[in-house]
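What Swiss-Prot annotates here:
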MOD_RES   18  citrulline
BINDING   20, 25, 63, 69, 85, 90, 142, 143, 163  S-adenosyl-L-methionine binding site
MOD_RES   39  N6-acetyllysine
MOD_RES   132  citrulline
MOD_RES   181  citrulline
BINDING   197, 213  nicotinamide binding site
């Protein structure tokens, strides 16, 4: 299986951040499968970070890609956020938004949606500025390494977040389990692990470019998380899938887990 799995080098050479953003995060067609999934993710992130008490000083977002939607509610609950990705072009795309460069992707429809969820305490521009102020570092990461962020010195995090990343980064189940343990090395004991990802997806498309995904069901994910030294506090599955031209997933899952004080 691994021989046919999209390599890291392919992400560096063929992953186009702008195409990805245009395909999956344009809120223009609110009724598309992609928009429905994005709204679901935003609602769950709001629930986790604004209603359920997942908060603290430091949140590390693993595999941010070129996106910021996953941090719009988190910036209300964490003083500092570190964004990370494997591909340089995704980090560059994030920097464009952080620096308000004119060619940065327009997240304002998504930001407005989150502000509505949060009761319109602030307007979109203020929310964007709050997130920009919260993001303290933009770092390279590789979840398959025992030190996912290399030698960068960071205090143990209160929360590690990963959305739509691990399935694409791990070619097999043992690698997936190791990646979860590697993420645990970034967390303080009792710290939160928040993951959202597709279920049973073997690929996703960006235009004509196909990228591999590790097709895991709920039971495999739950077992891997527990084996990696966490206790699961919340696990939700929805049946909504991406458009058939975009991916072959069978729903998505969201989970909140906590790192055990003593490793298994």
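Every residue, even glycine, has its Cβ placed from backbone N, Cα and C.
What you are looking at is a predicted structure, and each value in this text was computed from that prediction instead of being measured.
Annotation for residue 20 (S-adenosyl-L-methionine binding site): same-chain Cβ neighbours under 8 Å, separated by at least 6 residues, are 65, 66, 206. For residue 181 (citrulline), the spatially nearest entry among the recorded positions 132, 163, 213 is 163, judged by CA separation. Look at residue 163 (S-adenosyl-L-methionine binding site): DSSP puts it in a strand. Neighbour counts of Cβ atoms within 10 Å were compared for the binding-site residues 142, 197, and the top value is held by 197. Rounded to a whole number, the distance between the Cα atoms of residue 197 (nicotinamide binding site) and the residue listed as 'N6-acetyllysine' is 14 Å. Among 20, 25, 63, 69, 85, 90, 142, 143, 163, the residues given in the record as binding S-adenosyl-L-methionine, the maximal Cα to Cα distance rounds to 24 Å. Working note on the modified residues 39, 132: by count of other C-beta atoms within 10 Å of each C-beta, 39 ranks first. In sequence order, 84, 85, 86, 141, 143, 162, 163, 164, 165, 166, 168, 169 make up the list of same-chain residues 6 or more apart from residue 63 (S-adenosyl-L-methionine binding site) whose Cβ falls under 8 Å from its Cβ.
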